[in-house]
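Asker: Quick one: the structure is below, and I'll ask about it shortly.
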């Protein structure tokens, strides 16, 4: 057995001094956590966490306003730095004399002074070797994969052995904007000028007598229709492709799921993998363009397509912001961020809308609002 170092003890004065310098340390009973690196990512907003710096958050974890999930509590354990020195104002009576490890009823493993001082030693033994590329390992997890992939961690993921493939699997958020925005602007101009020639008619392949002319003034509405169709497609892809449950005995489907979306759920704050790389995206986008060309007259199909492409760009930018932004409390984006983080940490089988919750209503996959019994 590997020897574990005793955790470091912190005095209340030391914690207050660190917080005064801008660090964000909190404790849960006697266990101390340094959330300085996480504070901007906090779903409830940075200020909410800053206000709790230097305090016991054990009651806040149970809510209201938000009851933290088992995954959220696992997440917290990654930032463990040591123990608070015994002190009447900080230690609850039941923990005052506890020197050995305790079994956490929520997490189901031992936490306490004997666990060790290293962050990752606090978490249960992982099923993969993080020093090697994960893509070729996950398929062997079998029936354990689904539970493992939905227990998020705050660490970067390497997918491939090849440095070239690894670099192609990563994308900075602004690359999506820089690549696709000029395409949206150019195709919008092409669509509008083509409609302005007055040659586009709907149903002309069926009947010349009753075909409907499509004027250039209709372009904004056709563009908007494309954006709405994208939002539906976004929901359907997220729910039925990204959240398919791969068969436990199928190595290749598990590997594919991890490549498409599983790695994002395992490491939801890996900033290099929050948007879709342009090379594979262009293949998917070309497919949908081909479908629209078959279904609609050329200019009409292009107009719907460019609206959908714009919707995709907005979606990818929003998805990045929901993970890395700090929207102001009470705003639309603040509600969406909280909603999306609940999808990651607690409700992986619902809450599939990202840029809008609209489609979760008719498909009955809305994440339920939390309710709390009034304390006496």
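For all residues, glycine too, the Cβ spot is worked out from N, Cα and C.
According to TrEMBL, the record shows the following:
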- 42, 68: heme binding site (BINDING)
- 238, 243, 261, 264, 265, 319, 323, 340, 343, 344: Zn(2+) binding site (BINDING)
- 7-85: domain 'Cytochrome b5 heme-binding' (DOMAIN)
- 172-192: transmembrane segment (TRANSMEM)
- 217-237: transmembrane segment (TRANSMEM)
- 274-296: transmembrane segment (TRANSMEM)
- 302-322: transmembrane segment (TRANSMEM)
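Burial and contacts for the listed features, if you can.
Answerer: Shown in sequence order, 61, 62 are the residues of the chain, 6+ apart in sequence, with a C-beta less than 8 angstroms from the C-beta of residue 68 (heme binding site).
Remark: residue 343 (Zn(2+) binding site) has 350, 351, 352, 367 as non-local neighbours, by Cβ distance under 8 Å and separation of at least 6 in sequence.
Below 8 angstroms of C-beta separation, residues 216, 219, 222-223, 271-272, 274-276, 278, 281, 299, 302-303, 305-306, 309-310, 312-313, 316-317, 320 of the same chain, each at least six residues beyond the ends of the transmembrane segment (172-192), sit close to that stretch.
Under 8 Å from some Cβ of the transmembrane segment (217-237) lie the Cβ atoms of residues 188, 191-192, 195, 288, 300, 303-312, 314-315, 352-356, 358-360, 363, all in the same chain and six or more residues away from its ends.
Long-range Cβ contacts of the transmembrane segment (274-296) within its own chain (Cβ-Cβ under 8 Å, at least 6 residues beyond either end) map to 168-173, 175-176, 179-180, 233, 264, 302, 304-305, 308-309, 312, 316-317, 319-320, 323-324.
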Asker: How about long-range neighbours of the transmembrane segment (302-322): same chain, 6 or more residues beyond its ends, C-beta under 8 Å?
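Answerer: Here the qualifying positions are 173, 176-177, 180-181, 183-184, 187-188, 190-191, 194-195, 219, 222-231, 233-234, 271, 274-276, 285, 288-289, 292-293, 296, 333, 336-337, 340-341, 354-355.
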Asker: Taking only same-chain residues 6+ apart in sequence, whose CB is under 8 Å from that of residue 238 (Zn(2+) binding site), what do you get?
Answerer: 352, 353, 354
Asker: Limited to the domain 'Cytochrome b5 heme-binding' (7-85), I'd like the whole-number average of pLDDT.
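Answerer: A mean pLDDT of 88 is what the model gives the domain 'Cytochrome b5 heme-binding' (7-85).
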Asker: So for residue 42 (heme binding site), how many other CB atoms are inside 10 Å of its CB?
Answerer: 18
Asker: Taking the Cβ of residue 323 (Zn(2+) binding site) as the centre, how many other Cβ atoms fall within a 10 Å radius?
Answerer: 20
Asker: Mind tallying the domain 'Cytochrome b5 heme-binding' (7-85) by DSSP state, helix then strand then coil?
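Answerer: The domain 'Cytochrome b5 heme-binding' (7-85) comes out at 31 helix, 16 strand, 32 coil.
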Asker: Would you mind checking how many other C-beta atoms are within 10 angstroms of the C-beta on residue 265 (Zn(2+) binding site)?
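Answerer: Around the Cβ of residue 265 (Zn(2+) binding site), 19 other Cβ atoms lie within 10 Å.
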